[in-house]
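In what follows, a single structure is set out as structure tokens and then discussed.
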Amino acid sequence: MASAFHFRHILSLLLLLPLITYSTSTDEKVKTFIFRIDEESKPAIFPSHTNWYASSFTSSSKILHIYDTVFHGFSASLTKSEADSISRNNPSSVLAVFEDQRRELHTTRSPQFIGLRNQHGLWAESDYGSDIIIGVFDTGIWPERRSFSDLNLSPVPSRWKGVCQSGVQFTSNSCNRKIIGARFFANGHEAGFGGTGGPGYVNASVEFRSPRDADGHGTHTASTAAGRYAFKASMSGYASGIAKGVAPKARIAVYKVCWKNSGCYDSDILAAFDSAVNDGVDVISISIGGGDGVSSPYYLDPIAIGSYGAVSKGVFVSSSAGNDGPTGMSVTNVAPWITSVGAGTIDRNFPADVLLGNGKKLNGVSLYAGKPLDGKMYPLVYPGKSGLLSASLCMENSLDPALIRGKIVVCDRGSNARVAKGLVVRKAGGVGMILANGVSNGEGLVGDAHIIPACAVGSDEGDLVKAYIASSKLATATIVFRGTVIGIKPAPIVASFSGRGPSGLTPEILKPDLIAPGVNILAAWTDAVGPTGLESDTRKSEFNILSGTSMAAPHVSGAAALLKSAHPTWTPSMIRSAMMTSARNNDNRFQPVTDESTGKSSTPFDFGSGHLNLDLAMDPGLVYDIANADYVNFLCSIGYDPKTIQVITKAVANCATTRKSQPGNLNYPSISAIFSSSGKGVTTKSFIRTVTNVGAVNSVYRPKIESPRGVTISVKPTKLVFTESVKKLSFAVFVSMDSHNMVMDDSGGLYGYLSWVDGKHVVRSPIVVSQINPL
């Protein structure tokens with residue numbers, strides 16, 4: 001997998017009531033169920049919803065969480081028959097009930113790479129971001145790190161209502177003017193799989209029942225978004241320099257919802273959304289979600305539901321797009337109110353050379369910092385020659401020490417953690433490892449802090465190594481580690497693991513929205529585990545280097561904090577629009593951004609609108625705003641009935657009285673035009689968009705259109721004139737497809753662009769044209 005924190009668990013199809021009836025079951029195992037309640041149906045006799053739930057639905061001892069901000073309802077430990085009984089006996093109050101599910105995490109030069117410059121723009125000598133609070137939903141935080149110093153920070157914003165929750169090795173003194181709040185959510189986790197003492201309980205030998213981070217992922221993402229300046233930072237000498245987050249002065253609020261080796265439970269995630277919005281956060285950063293390109297309907301996805309509740313109250317939500325690329329439709333967290341972030345490379349790398357005995361040199365990547373091989377050649381072996389898959393993957397107890405001892409071992413990537421393969425090799429007596437990508441990984445490489453001399457190589461070069469071993473009885477090799485190299489070209493490149501579009505749920509909304517740095521990112525780390533995360537790794541490191549869309553999302557979270565600070569009246573959709581329409585599609589060679597998995601030019605299915613460019617996002621000229629009513633119209637347009645919509649929005653929708661709309665007419669900064677593959681001749685689709693002028697009061701914009709072959713794109717009107725009294729204007733986009741003159745590319749789409757230009761701003765939107773087979 002592309003990240004140590006790459007998750008494999010998918011949110012299974014949940015049960016919606018009263019539309020779906022439970023089947024009879026004799027299984028009386030206690031589980032956690034989440035109940036979505038119509039809060040308006042509370043009888044007046046009860047002073048609070050909490051009293052109502054405990055009196056009319058179930059006993060207070062069984063209730064785990066009460067939700068009353070972004071979501072109304074409760075979660076409880078019940079048998080299935082008890083859950084059935086509650087919904088059956090309260091049909092007018094229970095809108096939906098679904099079983100708790102476990103999710104897992106998606107798992108510094110990068111701020112400069114997204115357009116920030118010292119003493120300029122959003123990093124000027126000012127307090128940009130100091131009034132903004134970023135809520136980080138993750139594994140907690142290691143508060144003693146320099147990245148979380150509150151030196152010279154102003155007092156905590158007076159509107160903050162959160163707390164610093166005490167627990168194991170975490171007290172109220174663990175918070176400061178930087179980490180202004182911290183909570184942990186364990187009720188759902190502890191109730192999972194049988195309750196306290198069962199597989200779901202908090203294991204005190206590896207975890208802290210507190211906001212303290214035993215995993216490292218949460219410390220890393222928090223410092224990526226908002227870490228303070230930390231001089232002389234590095235990971236064992238790699239990526240040395242000044243570590244800093246995107247919004248160094250923003251405040252951090254910690255919401256620990258994920259637990260080491262145990263994942264993250266929906267009931268706890270919903271509770272965190274509820275608390276964070278009530279506490280007063282401005283931005284939520286969540287690198288958690290489903291995978292394999294399978295998305296649950298929005299009304300059955302607690303992250304989508306919690307995010308809607310947050311966005312509807314003005315809170316920006318940034319989430320990782322998943323690590324299951326480069327397969328198409330692998331993007332996750334696709335709700336249109338969530339900003340979905342894919343991963344790209346930056347212009348820094350950690351090269352390592354594999355020198356073969358036949359004189360060939362192969363290019364790899366490594367973060368190994370131990371004793372080098374000093375150019376000595378060692379025998380080279382590939383255990384996969386035996387035909388055993390477990391041996392080729394260097395799985396636990398799969399290697400024969402008689403074959404491995406004293407040699408460099410080639411291990412195939414997959415199944416177990418990349419760094420764990422090195423531990424297996426070391427136990428068998430090997431002196432080094434070459435980690436070879438498979439075809440599905442292509443040439444995409446990420447650095448790892450290996451515990452033995454080791455490096456990763458791409459699929460093609462892995463095949464060269466194996467061919468050399470097969471052709472020689474005396475194959476030898478050594479590995480040379482070259483440290484940190486800056487100025488790598490081309491960059492950015494779309495990471496091969498980054499989740500790709502189109503959305504499998506609503507392809508009319510282009511996802512991901514954009515990409516941000518997510519490969520080999522240096523940020524703060526926990527003292528609880530070594531940089532590999534392996535139990536046997538006893539090294540301590542103040543910083544670590546990780547890859548994944550988990551690392552990309554907090555870049556956008558920090559960017560949102562800066563933009564919100566600079567433009568306090570902007571809504572979450574306006575902030576996202578500014579990022580998307582100013583994103584860049586060219587690399588540092590001024591060539592189109594390439595796809596790491598193919599080496600070819602990438603497409604909007606890979607990068608959405610492009611790579612985050614904060615320097616331009618500060619002054620986007622025009623933005624596409626989306627109101628709560630627009631999202632309700634969107635949900636009506638995809639066929640959701642009023643009660644289903646109420647599960648998401650809390651408000652009763654009347655789709656019959658809303659204007660007739662199509663999903664593609666949501667006022668999004670991108671356009672996805674989907675045509676039937678059975679169409680003949682020229683077919684036209686139209687889209688309505690409205691832009692808000694946030695630039696000079698008197699501005700005139702004209703369109704610049706880039707149409708792909710076989711497609712004609714036109715706009716009416718052909719001029720947008722803004723004045724002091726005219727701040728919003730609408731326009732129509734017409735996309736015409738000629739089936740006789742159109743050939744889709746390998747990705748299944750054609751790609752054009754519409755840009756509104758006023759001489760200073762270029763407000764650019766991708767237009768994706770694709771076909772589907774009619775039912």
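Placed from the backbone N, Cα and C atoms, the Cβ positions cover glycine too.
Per TrEMBL, the feature active site, charge relay system maps to Asp138, His217, Ser550. TrEMBL lists 34-106 with the feature domain 'Inhibitor I9'. The domain 'Peptidase S8/S53' annotation in TrEMBL covers 129-590. For 378-463, the entry in TrEMBL reads domain 'PA'. Residues annotated as domain 'Subtilisin-like protease fibronectin type-III' in TrEMBL: 665-769. The signal peptide feature in TrEMBL is assigned to 1-25.
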> Over all shown protein chains, what is the count of other CB atoms within 10 A of the CB belonging to His217 (active site, charge relay system)?
Replying inline: 30
> At the Cα level, what's the spacing in Å between His217 (active site, charge relay system) and Ser550 (active site, charge relay system), rounded?
Replying inline: 9
> In Å, rounded, how far does the Cα of Asp138 (active site, charge relay system) sit from the Cα of Ser550 (active site, charge relay system)?
Replying inline: 10
>> Can you break down the domain 'Subtilisin-like protease fibronectin type-III' (665-769) into helix, strand and coil residue counts using DSSP?
In response: 1 helix, 63 strand, 41 coil
> Which residue counts does DSSP give the domain 'PA' (378-463) for helix, strand and coil?
Replying inline: 27 helix, 20 strand, 39 coil
> DSSP says what for the domain 'Inhibitor I9' (34-106): how many helix, strand, coil residues?
Replying inline: 25 helix, 27 strand, 21 coil
>> Across the domain 'Inhibitor I9' (34-106), what does the mean pLDDT come to, as a whole number?
In response: 92
>> Given a 10 Å Cβ-Cβ cut-off, pick out the one of the active-site residues Asp138, Ser550 that has the most other Cβ atoms nearby.
In response: Ser550
